[in-house]
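As written in Swiss-Prot, here are the features:
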BINDING   H133, T134, K277, N286, R295  substrate binding site
BINDING   H169, H214, H269  divalent metal cation binding site
Amino acid sequence: MTSRPLAISAGDPAGVGAEIIAKAWRALRQDGPTFVVIGDAQLLASAGGGVKVRAVTRPQEAAQVFPDALPVLDIPVLSPVVYGRPSPSHAPQIIRWIETGVGLALSGAVSGLVTAPIAKAPLYEAGFQFPGHTEFLAELTAAASMVGARGPVMMLAAGDLRATLVTIHTALAKAPSALTTEAIINSGLVTAQALRKDFGIAEPRLAVAALNPHAGEGGALGREEIDIIAPAVEALRALGVQASGPAPADTLFHPEARARYDGVLCMYHDQALIPVKMLDFWGGVNITLGLPIVRTSPDHGTGFDIAGRGIARPDSLIAAIQLAAKIAARRGV
């Protein structure tokens, strides 16, 4: 396992981020992985139910601090925080926490970045221009050199299911027109590359989901399978990827089907998210593939409805931390 800590950006201060980070530290403080939080130290202490917090100035200090206190690179929120009430006034700090984490990961000071949940609406009100975390991280890392196909490609992992998305934060009504053969090929290449490099699968098998019911019924229910998806599958095969499909999505996620592939390429957001959350609602992990840094996050949102009540579960964040550490170790960072 890498000796460098992970970084965790604290997410929206009005949500459950600080609470689940404190709970994750309690669960991992003795056996790791070690991490340093980028956020508001005072908020983390209060949200964590009295958890001991220690401000650090460098990530390298985290290893010594971690068994006894939660190490924090303290960047305070500059406006009042009310749990459950997100505010555009928090946007500068939220963005700075993410930017700081990316900078530390790119410099090698940390082994990877785990991001606590953010809410898009208050960020948009403050002028944020990206559909979500994934696209913002791609922009922040765009100048970094990287070998092979690059992302961002969103993967959701739960148990033995690893599902990647061709269209990410796209309205369902717009997803069909957003599909292109080139996008499917790139997502497939990035996924196959990640399965080899990050998950240790020497010869990954990739299933490709159809868009339409019954894979389009030979064009009767839509031509996307014929005109867009099938050509992408053929191109992936020609490029050396063990790809199969397009297959009807309702046949791809039962246990026997999952045994026949190592990753599944989904055409739109909920085609991947629904089976992942059905399989493991509490423990799913979001991984951004195709970046020059390791990035994971919990597979849930900000939890404004339960923020400040002390009942948020840290399972998904813990899984995200553990998976980020495993990927970093495989990459040797």
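Glycine residues also receive a Cβ, built from the backbone N, Cα and C atoms like all the rest.
The shown structure was predicted, so the numbers you read here are calculated from the model rather than taken from an experiment.
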Alpha-carbon distance [N286 (substrate binding site); H214 (divalent metal cation binding site)] in Å: 28
Round to a whole number and give the Cα-to-Cα distance in Å for the pair H133 (substrate binding site) and H269 (divalent metal cation binding site). 15
Of the binding-site residues T134, K277, N286, R295, which one has its Cα closest to the Cα of H169 (divalent metal cation binding site)? T134
Give the distance between the Cα atoms of T134 (substrate binding site) and H269 (divalent metal cation binding site), rounded to the nearest whole Å. 13
So if I draw a 10 Å sphere around the Cβ of H214 (divalent metal cation binding site), how many other Cβ atoms end up inside it? 15
Using DSSP with the three-state reduction, classify R295 (substrate binding site) as helix, strand or coil. strand
Report, as a single number, how many Cβ atoms besides its own are within 10 Å of the Cβ of T134 (substrate binding site). 22
Most isolated by CB count within 10 A, of the binding-site residues H169, H269, is H169
Note down the number of other Cβ atoms within 10 Å of the Cβ of N286 (substrate binding site), including every protein chain shown. 24
Counting other Cβ atoms within 10 Å, pick out the least crowded of the binding-site residues H133, K277, R295. K277
